[in-house]
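Enquirer: Pasting the feature list from Swiss-Prot:
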COMPBIAS  1-13  compositional bias 'Basic and acidic residues'
COMPBIAS  20-43  compositional bias 'Basic and acidic residues'
MOD_RES   Ser51  phosphoserine
COMPBIAS  82-91  compositional bias 'Low complexity'
MOD_RES   Ser84  phosphoserine
MOD_RES   Ser91  phosphoserine
MOD_RES   Ser95  phosphoserine
MOD_RES   Ser98  phosphoserine
COMPBIAS  164-188  compositional bias 'Basic and acidic residues'
REPEAT    251-300  repeat 'WD 1'
REPEAT    353-394  repeat 'WD 3'
REPEAT    403-443  repeat 'WD 4'
REPEAT    542-581  repeat 'WD 7'
Amino acid sequence: MSDKSELKAELERKKQRLAQIREGKKRKEEERKKKETDQKKEAVAPVQEESDLEKKRREAEALLQSMGLTAESPIVPPPMSPSSKSVSTPSEAGSQDSGDGAVGSRRGPIKLGMAKITQVDFPPREIVTYTKETQTPVMAQPKEDEEEEDDVVTPKPPIEPEEEKTLKKDEESDSKAPPHELTEEEKQQILHSEEFLSFFDHSTRIVERALSEQINIFFDYSGRDLEDKEGEIQAGAKLSLNRQFFDERWSKHRVVSCLDWSSQYPELLVASYNNNEDAPHEPDGVALVWNMKYKKTTPEYVFHCQSAVMSATFAKFHPNLVVGGTYSGQIVLWDNRSNKRTPVQRTPLSAAAHTHPVYCVNVVGTQNAHNLISISTDGKICSWSLDMLSHPQDSMELVHKQSKAVAVTSMSFPVGDVNNFVVGSEEGSVYTACRHGSKAGISEMFEGHQGPITGIHCHSAVGAVDFSHLFVTSSFDWTVKLWTTKNNKPLYSFEDNSDYVYDVMWSPTHPALFACVDGMGRLDLWNLNNDTEVPTASISVEGNPALNRVRWTHSGREIAVGDSEGQIVIYDVGEQIAVPRNDEWARFGRTLAEINANRADAEEEAATRIPA
């Protein structure tokens, strides 16, 4: 209770102080106004008026006379403090009432005496209230008490006019002062700094994406714009041009040697190129990363090295790394996090590694256990750790029956297998091999082609039936052949091409679909469930350049081809071809049975003709 009473008394004192300040302000304002009016009156008619002191004396005498006191009475109550004014007793109130009632009547002098004042404080009833506030952008007006408290605080001395002038002059001089002109040396230092190069590389890539983005504002969702294409839709809209990638400096007059799609970022495509004979001062080897997501015409990343890049792949499980196999035999590793376009790692040119061109690089394994596998044309296969390319983890010579080494030109691993693989060779033979075990090395030889093997690929579509034993090959003998690891003779030979067939690849989603490209600039899609004599869909690239590489996207809805002039073309594959139906695996099984039966009949006929 004592704390509350002290707090209440303190609040009362503050209120009284504020009231005194207000009264003082009002009194000063009234005096100022009165002085102004008096000056005006004196200007019109100067009249000698009584002074303020005389007027106040007369008012005091009139007030004393109204209360029954004479001017000579020495009894004058002392001035009361603000605190005593706020607390009044019943006796004082009664005396005031009696005094008021006697106004106008003449009475004798009143005897004044001393009275004991008893002060009683009654604490106010505590009222608990709850308030809910809502934030708004409008600034609330300050309370009167806060304004008065601010008035009580002594204000800071204002800045002298001279100081203000000097400050303004300084500001004007700063604004008018020209910026510091950088010297050529300082400019070059900034341009070659690590921070500027990183910022410029990142910013230009974003600006290019924004400038190249094109949106069809005339697209009609009602479908009326599809009426003209109804015939194509009925025909399946088999192949349609999507994008073309070409760079005047980095890909002109260069041959596309390899293509690979990123598994982490499906829109990214890496392409490797060999040397440009027309530009001897440019790097011999180039690897460009193209972006399908944005309509920009420049590569996302540019990498190069001093030897022609014969093979390239994204390092699986390492989205920032790109691996390249070079003509000199070196394996190079680029990192897109680095501002350098040159390799961040490379293998040594020594007998422990490759000394011949590396046409095959592949990352196999799982997230926690994976290796980089490389094969060169001297038949040497090496296994590497991506963390250390100074020395291979293990190496092996691919030799068939203690004869000369196999000159490998292409390689493929079956789905989910990291030990067994198939390779194609320069002499036209196909070999199965394994990396580990008692029979490490070449296992079997498959003969059937009459020219060097240019491409090989194992069946990759996963479904109800396992077809991982199948693989296809392409060759200089103008044919594509279908094989199974269970038989060393080809199951079927596709002979619809009239030039070298440079590459072949199974669809990653459709069990009976594969693609091949030839030297006439033609891309063929074969759906073996529909026909085995002619391709289901074909298209020729404008200008008919030789197509060196073909690569499906992971979704199987787009396909990329690279030609001998450095251009990459992306085609959209029609839904009726690319998307398999539920019965495609069963149908493909029946197709294989028919192919095997026809091959057996042909072998029997050939056997009967030989004795005759």
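One-based numbering along the chain as shown.
Using the three backbone atoms N, Cα and C, a Cβ is placed for every residue, glycine included.
Mind mapping these onto the model and telling me what they sit next to?
Expert: Counting residues of the compositional bias 'Basic and acidic residues' (1-13) by DSSP class, helix then strand then coil, yields 12 helix, 0 strand, 1 coil.
The DSSP breakdown of the repeat 'WD 1' (251-300) into helical (H, G, I), extended (E, B) and coil residues amounts to 0 helix, 19 strand, 31 coil.
For the repeat 'WD 3' (353-394), the DSSP counts in helix, strand and coil order read 0 helix, 23 strand, 19 coil.
For the repeat 'WD 4' (403-443), the residues of the chain that approach it from at least six positions outside its boundaries are 359-360, 362, 364-365, 371, 373, 375-381, 383, 396-397, 449-460, 462, 468-469, 471, 473, 475, 477, 483, 485, judged by C-beta separation under 8 angstroms.
Tertiary neighbourhood of the repeat 'WD 7' (542-581): same-chain residues 236-247, 251-261, 263, 266, 269, 271, 273, 290, 292, 461, 463, 499-500, 502-513, 515-523, 525, 527, 536, selected by CB-CB distance under 8 Å and a gap of 6+ residues from either end.
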Enquirer: Per DSSP, what is the residue tally for the repeat 'WD 4' (403-443) in helix, strand and coil?
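Expert: DSSP composition of the repeat 'WD 4' (403-443): 0 helix, 20 strand, 21 coil.
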Enquirer: Mind tallying the compositional bias 'Basic and acidic residues' (20-43) by DSSP state, helix then strand then coil?
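Expert: So the counts come to 24 helix, 0 strand, 0 coil.
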